[in-house]
Every structure is written in C-alpha cells, then in structure tokens.
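J.: Copied straight from TrEMBL:
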DOMAIN    59-533  domain 'Major facilitator superfamily (MFS) profile'
TRANSMEM  57-77  transmembrane segment
TRANSMEM  97-117  transmembrane segment
TRANSMEM  124-143  transmembrane segment
TRANSMEM  149-173  transmembrane segment
TRANSMEM  185-204  transmembrane segment
TRANSMEM  216-236  transmembrane segment
TRANSMEM  318-339  transmembrane segment
TRANSMEM  367-388  transmembrane segment
TRANSMEM  400-420  transmembrane segment
TRANSMEM  426-451  transmembrane segment
TRANSMEM  463-486  transmembrane segment
TRANSMEM  506-529  transmembrane segment
C-alpha cells in the first residue's frame, strides 16, 4: 500500500489540510469525472480540478483492507473443503450447497443494503456489516459435527453481513475521486477480490495444517475484522459528500464541463426505490408516476404508469454488461470452490498422492491455488485498468471489448486445463493460472462501466441489482450445479477415485460454455455503450 501514500504526499499541501466534510468547491461548480453532467438548458462554465486530499487515500486504504477480509471470509470454506466434507460426511452435492447458501443470502440482502446506502449514513452501514459478519464467522469455529445445519445457517448469515459492505464501499470511493483516479482507486479496491480470495485459501489450509483442526481457520479473520472496524471509525468521515449535481460521466476526449443548474431543478430530489429500479432499465429518463399510491389505488392507474415507463428505451449497456458479469460470476464461483478438490482427485487418479484418510488432509493444492489466485488477480486487475485507460483514448468502446476478449481467452485456457488434468498436473496449473488471469482483467472495468452509465444517486441500488442478478444466475448456483452433476455422474458407476475425478472433470465443461456466452454479452455491450454514456452525461 506504500504507493497509495506516496500519491497522497504528492498533492497540494492545501488539499491535505481540507479534511472536513464540506465540498472543496462551491456546490454548483463541482466536477466529478472526466466530464461533469450537463443540464439541458444550463450554460457551461469552466471548473478547476482539485487534487484528492491525503485523507481520501487513507479512506481507500481502510476500505481496501476491509474488502480483503471480506473475500478472505468468502474462501475459507473452499480452502478446507475436503476436511469439511469429511467432517460432516457431505457428498459433492452437499458440499456445493455450502457456497450456494452463502451467495444466495448475500445476493438477496444486497438490494436491501443498496436501498439503505443510497439514503442513509454509509459509514454506519459498513461498520454494522463488518461487526456482524466477523461475529458470525467466529461463532462458526465452535460448531460440532452433529450440528451441520447450523454450519449452513452461519454461512448464510455471513453472506448477509458481507452484502452490506460490497454494495456501499465502491460508491464512497467513486465519490472521492474524478474519472482518471477513480478508475485507479477502484482497480486497487477490486484487486482485493482475488488477493483476498487467495489469502482465504492460504489462511484456511495453513491453519488446518498447523493446528490439525480446520475450525481454527475461522478464528483469524474476526480479529482482522475488529481492526478494520476501529480503522473505519477513526479514519472514515461520518458523512461522505455525495456528488449528484455533477454526474461522474466519462468523456473520451477528457473535456471538463459543468452545468449551472436551473433554479428549482430536481437533480437532488429523492426518489423511491421503485423509481430507482425502473430508471436503471431505462436510459435515465425517469417518468413520474401519477399522483396515486401504486400499491393501493386502482389497477388501471398502475397499468397507465407502466405504459408510460415502457415508452423509454432500455439502457442496454447496463443490461448486457450485467449479464456478462453474471457469466464471470458463474465461472469464478465454480472454480473457486471446486478447483482444489479437482486437482486433488486428479493427483490421486494419476498416483501422485495417496487418498487422504486422516482428519486433516494435505493442503498443498489449496496453498498453490491460493497463490495463483493472488498473483493472477493483482496482475489481471492492473493490466485491465491500464489497458482500459490507454485504449479509451482511441476507442470509445474499449471497455466492453476488453472484457469480451478476456472472457474468450479465459474460456479457451480453462478448457485446455480441464482436458490435460488426466495427463499432466503441471500443465493444468499453468492453464488454470492463465484462465484466472484473463478473468481478473474484467473486475474493475465492469464496475467502471456501471459508474458512467448510472446516475450517482442510484449507484448503490445499481450495484446491488447487479450483484443480485450476477449471483442469482451466476455463482449462487454454479457450485451446487457442478456438485449435483458430479454426484449424478458418480451414481452411474461403482465408487472409485478415477471415476470421481472424471465426474468432476465432465461437470467443469459447462463453465467453458458459460464463459463464451459471457464474451458474447460484452460484445453486445459495445454496441450500446457510446449512446448510453451520452445519455448519462446529459443528466
């Protein structure tokens, strides 16, 4: 994290002193993003840029640290899945259900926290979420084998706690920086996804190996969560200025303009959650419903309002990019849970290792896969952000095209990895690494697409809806689906390790097809991104 503080020390000293919660420039002259929003009738006025204060970088550091812990908690279970499966005597189907329960609760809670994040104090929401998921994770470490259902329940509760963080934290970062630095800071934030995931594998397998008891893997991150809560209280302001008058929309030419709002403009007007949801499916043209209570009045009034809403054109870039993210989530969810188990079964089938009959099993695959996840995650996110920054200057559709290309290449690498596992484990590790590398390219780029096609006062809701959709159709079901297919294939023949490996190998093929579909969705996004960005700039 040293380079973050180095960046902060390079700013104007006067910017360092401004650590209060007031906007640094007059309300009507704020510029957030490469191009500020333009109100249709307002004259354009020049705006000077202000460098982010040192406190802004400290806030990003705190949020990144908490995000790291967030994803470490996600992947503790995959890191010791073999131990847990033996402890609770679970089949592949039941083992896959563990991650599915976690993500289902996570995605169902996300819209609720998105609603709260758009309307209430975001620091309080973050603090409550960190405390809740840390406490539940600690409680998980004391569950015995006779209470398997409580273990499933605890994973669901942890998913609810982490949802409060993932929907709110990116919007705070977006509110602190303009377009150029916003992409960089979001890239740093999303590097914590693969790094935290990899550390989750490493932590879980290391603690199980050192202590001889997998329960200890759940007793480290709660302590780290307590430190994150203290840092959040001390360093993050109670209120972070929301930048709604000037929309942080991207401009390909990097021009800087802002509108002087017409007296009485409703740029800051609060809207209902139903209106937020509706506007995300339109090109930001929110039509007011008739002055009737849509929940109690006549059915004719509701149908009339829906008829008016449907006259607007859908914001297809938001829709297609969300579907592309869904495909990414499907693949990463399946790989994240099952790759260490897949590698273990391949090694047993090839005679490289012996079948584990002890209480604590060999954790080398989780350690290696965790290291691969960390390395490819850092490199992929940085490469994706840098490629987007450079290519945007010459191609206005660069972001979705980068995502599409990386999905196609990743799918090819994963297919090769699955096929060569029965012959050469080293080649499998190499191609899995390349597959994860190209998947990681997309994390920050996809989020940046959302941030410049959605108005700021609805971004928490937009992120929450994207989380809901991507997890509902993505990694909420993929771990369970892979396990279910594997169990069904195993049931067709007598139990053997060779056949259990083959069943998991055949199940993984579905990830390749889903990855290709994801690339197609991002290609479709590129057809609409320019038009939707221009629509967003007019708000």
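Every residue gets a Cβ built from N, Cα and C, even glycine.
Note: TrEMBL annotation is automatic and uncurated.
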J.: In the same chain, who gets a Cβ under 8 Å from the transmembrane segment (124-143) while lying at least 6 residues past its ends?
T.: 66, 69-70, 73, 76, 113, 116-117, 150-151, 154-155, 157-158, 160-165, 168-169, 215-219, 221-222, 225-226, 228-229, 232-233, 236
J.: Give the nonlocal contacts of the transmembrane segment (318-339) in its own chain as ranges (CB under 8 Å, at least six residues past its ends).
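T.: Sequence-remote neighbours of the transmembrane segment (318-339) are 74-75, 77-78, 81, 95-96, 99, 103, 197, 280-281, 365, 369, 400, 403-404, 407, 410, 414, 432, 435-436, 439, 442, 446, 449-450, 453-454, 462, 465-466, 469-471, 473-479, 481-483, 504, 508, 510-511, 514-515, 517-519, 521-522, 524-525, 528, 532.
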J.: Between the transmembrane segment (367-388) and the transmembrane segment (97-117), are there at least three Cβ pairs closer than 8 Å, leaving out pairs fewer than 6 positions apart?
T.: no
J.: In terms of Cβ proximity under 8 Å, which residues at least six beyond the ends of the transmembrane segment (506-529) contact it?
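T.: Cβ under 8 Å, 6 or more out: 315-317, 320-321, 323-324, 326-328, 330-331, 334-335, 338, 342, 396-397, 399-401, 403-405, 407-408, 410-411, 414-415, 418, 442, 449, 453, 478, 481-483, 485-486, 489.
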J.: If we call contact 3 or more Cβ pairs under 8 Å (sequence gap 6 or more), are the transmembrane segment (185-204) and the transmembrane segment (57-77) touching?
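T.: Contact confirmed: at least 3 Cβ pairs fall under 8 Å.
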J.: Between the stretches 57-77, 149-173, 426-451, 463-486, which one has more Cβ pairs under 8 Å with the transmembrane segment (97-117) than any other?
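T.: Against the transmembrane segment (97-117), the leading stretch is 149-173.
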J.: Short question: which residues 6 or more past the ends of the transmembrane segment (216-236) have a Cβ under 8 Å from it?
T.: 55, 58-59, 62-63, 65-66, 69, 72-73, 76, 79-80, 123, 126-127, 130-131, 133-135, 137-138, 140-141, 172, 203-205, 207-208, 210
J.: Mean pLDDT for the domain 'Major facilitator superfamily (MFS) profile' (59-533), as a whole number?
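T.: Its mean pLDDT is 80.
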